[in-house]
Amino acid sequence: MTKGLIFDLDGVIVDTANYHYIAWKKLSNEIGIDFDKEFNHLLKGISRIESLELILSHGNKSDVYSADEKKSLTETKNKYYLELLNNITPKDILPGVLDLIEQANNNHIPCAIASASENAPTILEKLGIKHYFKAIVDPKTLKKGKPDPEIFLRAAEFIHIPPHLCIGFEDSIAGIQSIKQAGMYAIGVTADGPLPEADLAVHSLTEIDIHSLF
Ligand code: B16
Ligand code: MG
């Protein structure tokens, strides 16, 4: 019987991938690198600095910048991203999410957030749903990012539920691997592409029957 729900944010609760894309593209173009939407898929679920490293490698500029310069580039990208996030409202919550977290709360099933995004608390505030989550893992406190299970294990610890009684929701391949390695049941949200390693794949959370989970 399920006792806890652990959600990724970008791509599961809200579709911010396009904002990340616009912000990274602006920053990349300023340093003479271009990439398309297909390349952008590779940036899903991975951290800000790992995203920059992939972009630099794509543009054959891996060795051009010092660590300090890279940090400054990620800060500039985040500034562009935060400007775009100003447009976000509760209308941007993806279909089925609100119903699921409301019902979980009504049934005393704790919910947590396991997102690689350092902006997760800000985004949840803007969506007006932060209060539904008992815990939000701070990715800065982790030793390893997805696909390592650490982020989902930490979320389970915060809500005091053993991992095998948790369900994880993810839209990225690295995220599904993280959930499976944590020993949880993995539900893949496949709006953007297949997730073969998921235990159950859905196009959106409207397909989740809350009663079949509890
Ligand atoms: P930030 P998720 C991830 O969120 C995004 O999918 C990924 O594209 C982004 O690089 C990462 O967050 C870090 O985001 O720059 O806001 O800290 O899918 O794990 O919720
Ligand atoms: Mg995601």
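Glycine residues also receive a Cβ, built from the backbone N, Cα and C atoms like all the rest.
Asp8 (active site, nucleophile) counts 28 other C-beta atoms within 10 Å of its own C-beta, drawing on all protein chains shown. Here TrEMBL flags Asp8 as active site, nucleophile.
Positions annotated as active site, proton donor/acceptor by TrEMBL: Asp10. Long-range neighbours of Asp10 (active site, proton donor/acceptor) (same chain, six or more residues apart, CB within less than 8 Å of its CB): Thr16, Ala17, His20, Lys44, Gly45, Ser115, Ala116, Ser117, Asp171.
Counting Cβ atoms from all protein chains shown, Glu170 (Mg(2+) binding site) has 30 others lying within 10 Å of its own Cβ. According to TrEMBL, the feature Mg(2+) binding site maps to Asp8, Asp10, Glu170, Asp171.
Per TrEMBL, substrate binding site is recorded for 8-10, Trp24, 43-48, Ser51, Lys77, 115-119, Lys146.
Other Cβ atoms within 10 Å of the Cβ of Glu118 (substrate binding site) number 13 in total over all chains. Among the binding-site residues Trp24, Gly45, Arg48, Ser115, Glu118, residues whose Cβ is positioned under 6 Å from ligand 2 are identified as Gly45.
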